[in-house]
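Quick look at what TrEMBL lists:
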TRANSMEM  20-40  transmembrane segment
DOMAIN    52-156  domain 'FAD-binding FR-type'
BINDING   Arg105, Pro106, Tyr107, Val122, Lys124, Met131, Thr173  FAD binding site
Amino acid sequence: MLNFELLKKDFMQMQVSQAAFFGLLVAVAAMIITIAVYLCSIKKSRGSLDPENFKEFKLTKRTPISHNTAKFRFALPKSTSILGLPVGQHILCRGKDSEGNEVIRPYTPITLDSDIGYFELVVKMYPKGRMAHHFREMHEGEYLPVKGPKGRLKYKVGQARAFGMIAGGTGITPMFQLTRAILENPKDKTNVHLIYANVTVGDILLK
């Protein structure tokens, strides 16, 4: 004879087990979604630039690399921050000329977002350059107002089979940024051809 009480008890235990298993699945899914959202928010928040407003970055190191050119390293807000500049784009820097008038000029960092906690600019201090005056007078510990990203080009892997580029002097910086991004990415098979001209051997930058 069937024991209906025993069958009823087994059925109820089975329902409880299924409910517990379903609850566990829901909890795991919720945890995965929470982690994904958190990691995504961290990635988005790491970019240090604002395309509409100038933000100030501290000059931490100034290194002469030729008789009239220097490399300027600026700290990002955190040691884990990235600049957040797409390859192919540039930033706007604001300063004052020799007469105290505001001047804004575009510059392309030589660093990529693989460089964590800082970005670097290579600047030639032309004698009569308005923004060059600002950089020439800058000292470590001072701040530079920066806005960006700016520019129409956003390089993507596979965008072209090859790039042909011609640069002179500090005009090398946009080409250096792009070339470095290509060479440091094992998946990028783009060929790069660069002609780089300078007045003297001593003027050759980023050797």
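Cβ coordinates come from backbone N, Cα and C, glycine included.
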Please list residues from the chain of Pro106 (FAD binding site) whose Cβ is under 8 angstroms from its Cβ, counting only those at least six apart in sequence. His90, Ile91, Leu92, Cys93, Lys150
Cβ within 8 angstroms of the Cβ centroid of Arg105, Pro106, Tyr107, Val122, Lys124, Met131, Thr173: which residues besides those meet this for the FAD site? Cys93, Thr108, Leu121, Val123, Thr170
Would you list the DSSP helix, strand and coil counts for the residues of the domain 'FAD-binding FR-type' (52-156)? 8 helix, 48 strand, 49 coil
DSSP three-state assignment for Thr173 (FAD binding site): helix
